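Report on the following structure.
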């Protein structure tokens, strides 16, 4: 038995710290193990007898921890900030305990990484999808490079101490920031120079909360540094950093501080048709002269007072992966792998297979030119307004005067005094369209957040700039602005000349806002028609037409691939040479493989009222069935964890009832497709032995029996 168990000696550590950390290149002096310890009466050999049978690998690991302890000891005595000093000291005690017990360092607290989902990495990935997935491959790659650059900067960013932050921003959440600062020190910063501690990427374990606390300062410093070092930048990087990076950061800043940005939702769907762009960054492990070691007896220390948490040993060659990324992501009935493969084959965005429909071609072309001009910086969009609280800004006042002129010229029936009063009224705002520094159009509006709608008052583009898609792009920007402010309804009185424009922008005479909400608020115009538009917060309106176009390309490519798989050449018909005058179409070899079906195969009811009545009867029978109970309401997230990550197109009987009531089902195929979606989703999410799976099978059989009884289909395949 050694003296180590009873001895409290700390002889390997001098009571007075060295002025500088020991140099690693100095040759160690030869030590005589028979010498007496400088802190107790034992020989030095008594302190190391327990290491006689330890492997060289384990010895290297322990020596590595010793080096880290030496460094942390120096850091504790040199650090002036109290919060940082506390973390250094806690980690110092943890590693020292590991040496004495030959254990593995584990930081212990209430939470483990990651601390917030989605992570910064995933949020930026979602941002690239949300705003740039429509771009051609080359331009999209530029955005990916910017995203990688930004994430890399965060991973190596030095956070300001809590005390520094309190001085700069006293109103911010000091306690929350201190917790994240401590976590960052323990898991990201200190492990950069202490290899024995587990290290994580900042962007992988932190989310929007930390990003919000550093983004403003970080953006300012990054842009200032880029301006100062612009002459040192290589030519191929100069445009990327000086021109594209500031725009990228500005757009990202909006999403970081927006209360309703979809990129921070775990159910983020934008860009799902094009897959995820991998922009993860990997922190390379620093060269280590000793191997990583996995101990069987972990040693831990509680850092909950500092807000730190437990972690796992890192594997330097691989980035840390989130569990959800391992799950298969299902988009409808088409595997993501196939969609990604098809996306890679679409190199020409202008290329289309087959004829355009009037609806899609008109919508795609309407705002394309304006969108390209905005991307090149030819035009800009700004929401401006007059203020009684702030000193008037000369540029904004000039723009407001310009807007007053545009509205007066384009709306001659409206009194100029009335236009001027509303444009300069502090309760009204105007989305202004700026080209070459001057106003060429705008939409004046007033928001009523308590009532849940916004009134559009004036909308005009100067006559010599019309028919360029500016009007559509203006309205799309206004829609996105309101989605960010959680107002999802527009109301406006349109005169006879404006009804067509508003219809193209999604307005209709079917007002979704209850009358009690807007009566007495909105201005009533004689001879005008009240129109409304309901916004969908999941739609990126400024890129909507591009996304539709891209989705159409993908679908056509998928159809082309499917046709190529079943392509078969049949011999020509010889019966006509033998005197046969006509044959049934279905007897032509290969005709059925093209998707053709006999006319009498399914009976499509032409009378809308008859179709409605028939479908209503079927739906009532289905809802009354004993196995319909799992499908009556939309699935709740709390009852089915991860459901909406697996099922991208949910459907239920309540939703079908609402659709039927609104006359959505104009054909039997739409009705049958929704019903089939219920059964398909259930079997996709639940295991075959589950009760839900069995209910889906039984209800599906009952449904098709009822469909057959009504004559909507003649045969069930």
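Note: Cβ is positioned from N, Cα and C throughout, glycine not excepted.
Listed in TrEMBL for this protein:
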| type | residues | note |
| --- | --- | --- |
| REGION | 1-28 | region 'Disordered' |
| REGION | 304-325 | region 'Disordered' |
| COMPBIAS | 311-325 | compositional bias 'Basic and acidic residues' |
| DOMAIN | 388-536 | domain 'N-acetyltransferase' |
| DOMAIN | 623-693 | domain 'Bromo' |
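In terms of DSSP secondary structure, the domain 'N-acetyltransferase' (388-536) contains 53 helix, 40 strand, 56 coil. Mapped onto DSSP helix, strand and coil, the domain 'Bromo' (623-693) counts 39 helix, 0 strand, 32 coil. The domain 'Bromo' (623-693) scores a mean pLDDT of 89 in the predicted structure.
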